[in-house]
Amino acid sequence: MKILILACLVALALAREKEELNVSSETVESLSSNEPDSSSEESITHINKEKLQKFKHEGQQQREVERQDKISRFVQPQPVVYPYAEPVPYAVVPQSILPLAQPPILPFLQPEIMEVSQAKETILPKRKVMPFLKSPIVPFSERQILNPTNGENLRLPVHLIQPFMHQVPQSLLQTLMLPSQPVLSPPQSKVAPFPQPVVPYPQRDTPVQAFLLYQDPRLGPTGELDPATQPIVAVHNPVIV
């Protein structure tokens, strides 16, 4: 901006000089026409001297302005640096200003985590524990010792057998009759037997094997005991550890 201002000032000065030269030439012509030659020469020399002085003065002013512009370009104001001043790490908040209440941010499950949990469930399904079958046991007061040699001891009271007569058909009883062969004990395994709970009364959803315990003994044609009245070995449900 300063350079443009200086250029404008120089142009104005040159224009003024041209005007003055034109005026001086006109005055010289007028004087030469009116006065003798000696006076015209003196006036011309005087005018030329004044013009030279003005031109020199304007040239000096322009040089001074250019020097100041160059100095101002190189010399720029630098920020004041305090050697012992430490920067403030945080903005100082006045005490009158209260912090704004922010809404609580709740964690949410990403869809990738949900897919991983579902894949684990499909790969490693949970084991279903099979319930143990409850075998009915006759109370100790009504229990009788079963002896194949004594037919009277094998007979049980009728009120214990009546609730099971209408549940199991005779066709099932005939197909599920045990053979007359001696019952072999199952091979012993390392699994410890699970004790069966004692039920003081017979249940309706009892298996057919339990029903055979309450059946009346019947004598065959040869006078021997029917195989259904043979004692049944108690079945233990193994527990897998």
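Glycine is treated like the rest: Cβ placed from N, Cα and C.
Noted in Swiss-Prot for the protein shown:
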SIGNAL    1-15  signal peptide
REGION    21-45  region 'Disordered'
MOD_RES   S24  phosphoserine
MOD_RES   S25  phosphoserine
MOD_RES   T27  phosphothreonine
SITE      S30  site 'Not phosphorylated'
MOD_RES   S30  phosphoserine
SITE      S32  site 'Not phosphorylated'
MOD_RES   S32  phosphoserine
MOD_RES   S33  phosphoserine
MOD_RES   S38  phosphoserine
MOD_RES   S39  phosphoserine
MOD_RES   S40  phosphoserine
MOD_RES   N150  deamidated asparagine
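Highest local Cβ density among the modified residues S24, S25 belongs to S24, counted as other Cβ atoms within 10 Å over all protein chains shown.
For the signal peptide (1-15), the list of distant contacts is 58, 62, 65-66, 69: same-chain residues at least six beyond its ends, Cβ to Cβ under 8 Å.
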